[in-house]
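Colleague: One structure, as structure tokens, below. Some questions next.
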Amino acid sequence: MSFHNSNSAADITEMEKARFQIAPPAELDERDRDLLERQRELEELDSNTKLNWEMIKKLTVCGVAFLNDAYDMFAINIVAMMLGFVYYHDAEGSAANTVPKKWDTLIKIAVQVGCLLGQLVMGRLGDKIGRTTVYAASLMIAIITTVASAFSNSMVKGINVFVVLFIWRVLLGFGIGGDYPLTATIVSEYASVHNRGKMISAVFSCQGFGNVLAPIVGIIVTACFKNSIDRDVLYLDYVWRIIIGIGCIPGVATLYWRLTMEDSKRFQLETAKAAAANADEDVLRQKLLAKQQFAESSDYESRVETPPAHDMQQPVTAPVQIRRAKTFAQYFSEWSHLKVLLGTSIAWFALDVAFYGINLNSSIVIDAIGFAGDIHNDKPSKFIIRNCLGNIIINLLGSVPGYWISVFTIERLGRKKIQLMGFAMLTILYIVLGFAYRQILDKSVPGFIVLFTLAQLFQNFGPNVTTFVIPGEVFPTRFRSTAHGIAAASGKLGAIVAQGGFMQLKDRGGKNEFINHLLQIFALFMLIGFFVTFWIPESKGKTLEEICDESEEYY
């Protein structure tokens, strides 16, 4: 049972309300006074709309975390190009300067595999140990593994640089994975009801800056080594390591703040409430057991002294209703709760099939619009810089604006409406791009760019933001981090399916000849995401306790 009151839903029973209203504070017992105090503190948290230094600090830490995570994830697009020049510059024919598909897939899928594991493990630990403790640990893992990734090299026979890079990036992904459930949960529990969605989405939208920062750093570092690279392509071996290594700087800059963060008052209150409920149940059980033993002892003595009367019935003691906190399995065994978890998870899975299928392979789009250049004839520095510029253009046209449109509209439109609109638009756009891919490119490259830009826009002014925000709001406080981790891990499973499965088909029939069919498949996944969104409640304008009806956490 929750003891947080609100205008639209009561979280304490009518009897308890009456006790609090009628009885003066002096006449309440210690437990009642504690419950009333918790209720007042939760009301104060939800009514507080002012930004203070503590909140600004937490938003900065969380925002930098997502900028850093996006940089680490998507810098691999640029690094993969450089690795082709470094390790395959002497290959013959079309294989020259290009990482073979198996190694390209391995290093691009690595962070997603690690993220999936990190989201599940760190999400669960966030509920068990505490948000901020696990949050700090995830950053330290990310910093160490980023530095280690930059020093990847061939070790022994059969373990080349790609295998070593894969191992370190899986561990990097594990640290990044913890950021997803913990960031959403921390911001959600600190924010007020009036700006919660805006704050969570603003933090997540820093991912867009990370997407742009990676190619910017790629251009700067490549330009610094330009003359050396054009003389000897092996100088790119320094460049890709520097680009990866720079990814640890934002984390190091915010490490102290992460280490000194405290868990939110809401988390502390709700954890204490659940512990109190279970403690009260244990005490009551002991009292009932003692009473039963005493009754049996008295009954035995009376039977020895007095013959039993067969026409008399033994009095039956009415069972005492015990309120105990439900476990995770008990709570989600009910369809009304399970469908919310399934809705958030399937929607995120469907979205990330397309999101990572395209964004981890942005060079395909850059090549399609004629911006990539010639990998065999262009100077390596020129080819890399052109591709980095193409990445920046793609992100600035649709991706970054989409993030921030969501931030400024999410409290007015609502999460569910934005997600439904985004999935609907993406379904239409991918159908058009999929079934008219060649025709559009042949007749109008600007037309293709417009359609692709709109798809990027509605990914972020749509489900890419809301699939992150909603799981941070629609689950009870005791399970919030775990449930968000499950939903986020489902998304990363979608990314793995896209990169390890669908994108392996892109050259079926010739180079990039299967891309139109992949876009058609992405359209189907967007349609699935649209329909499962109806399982998810709207959380706009509601307190966290109202959204989940936390009285249902107990039985």
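Cβ coordinates are placed from backbone N, Cα and C, and glycine is handled just like the others.
I grabbed these lines from TrEMBL:
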DOMAIN    58-541  domain 'Major facilitator superfamily (MFS) profile'
TRANSMEM  59-85  transmembrane segment
TRANSMEM  134-152  transmembrane segment
TRANSMEM  158-178  transmembrane segment
TRANSMEM  199-223  transmembrane segment
TRANSMEM  238-257  transmembrane segment
TRANSMEM  388-406  transmembrane segment
TRANSMEM  418-437  transmembrane segment
TRANSMEM  514-536  transmembrane segment
Colleague: I need to check the long-range neighbours of the transmembrane segment (59-85): which residues 6 or more away from its ends have a CB within less than 8 Å of a CB in the stretch?
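Modeller: Answer is 97-99, 103-104, 107-108, 111, 139, 142, 146, 161-162, 169, 172, 176, 179, 183, 186-187, 199, 202-211, 213-215, 217-218, 233, 236, 239-240, 243-244, 247, 250-251, 253-254, 257-258, 261, 359-363, 375, 380, 383-384, 387-388, 391.
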Colleague: Using a Cβ cut-off under 8 Å, which residues of the same chain at least 6 positions beyond either end of the transmembrane segment (238-257) come close to it?
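Modeller: Tertiary neighbours of the transmembrane segment (238-257) are 57, 60-61, 64-65, 67-68, 71-72, 75, 78-79, 82-83, 86, 136, 139-140, 142-143, 146-147, 149-151, 214, 217-218, 221-222, 225, 229.
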Colleague: Go through 134-152, 158-178, 199-223, 418-437 and flag the stretch with the largest number of C-beta pairs under 8 Å relative to the transmembrane segment (388-406).
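Modeller: Top-ranked stretch among 134-152, 158-178, 199-223, 418-437: 199-223.
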Colleague: So what's near the transmembrane segment (158-178) in sequence-distant terms, Cβ-Cβ under 8 Å and 6+ beyond its ends?
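Modeller: Beyond its ends, the transmembrane segment (158-178) has Cβ neighbours at 69, 72-73, 76, 83, 87, 99, 103, 106-107, 110-123, 126, 134-135, 137-143, 145-146, 148-149, 152, 485, 488-489, 492.
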